[in-house]
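Visitor: After the C-alpha cells below, expect a handful of questions from me.
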Amino acid sequence: AYCYHGQTLLASDKCGEAIRSLQESEKFFAKAEALCKEYGETKGPGTTAKPSGHLFFRKLGSLIKNTLEKCQRENGFIYFQKVPAEAPQLELKANYGLVEPVPFEFPALNAHWTPETVTAFDLTKRPKDDSAKPKPDEEVKPLKEPDIKPQKDSGCQIS
C-alpha cells in the first residue's frame, strides 16, 4: 500500500513524501520477505507454498526499488523537497473506483404470516399416512430387440 501511495504522491508532485512512503514500503517488504522465506523453510503440511517466489511478490520488490530510485533522482534534479521523518498516513477509505454498498433490509412480513400460521407448520402433528411409503418396484420385462442385419445393397452407387 505504501508503494502505490508513493506512486500517487509522486504523480501529484509531492516527491519528498513519496520518498518517505517508498522507504516505509521497502522496510515492510524486507520484513515480509523474511517471513515468507521462513514460512517456505518450515516443515509440515503446506510446505509446497513458497510466497517469496510468487510473481506478485517478486514484481513488487523491483517496483518498490525502481520507484524509490526514480523519486530520489527526480527530487535531486527537479523538486528539492525535504523528506519527512514520519511516513505519510494512508487513506484507508477509498473515495474512487468503488460503489457504495446498499444496506440489506429484510422485506416486511405479509399480514398472512401470524404466530398462529407459523405454529400450524408443526410437523410432529402431521397425520400418519401410509401412502407416503414407496411402492415396491415392478419387475421390468425384457423387450425383444429387432434383428438388424447389415445390408450391402443399399441402392447407393459410387461412380
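Glycine is no exception: its Cβ is also placed from the backbone N, Cα and C atoms.
Copying in the features that TrEMBL gives for the protein in this structure:
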DOMAIN    1-104  domain 'BRO1'
REGION    120-159  region 'Disordered'
COMPBIAS  123-152  compositional bias 'Basic and acidic residues'
Visitor: Work out, from DSSP, the number of helix, strand and coil residues along the domain 'BRO1' (1-104).
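Guide: Its residues fall into 65 helix, 0 strand, 39 coil.
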Visitor: Could you please provide the mean pLDDT value for the domain 'BRO1' (1-104)?
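Guide: Average per-residue pLDDT within the domain 'BRO1' (1-104): 88.
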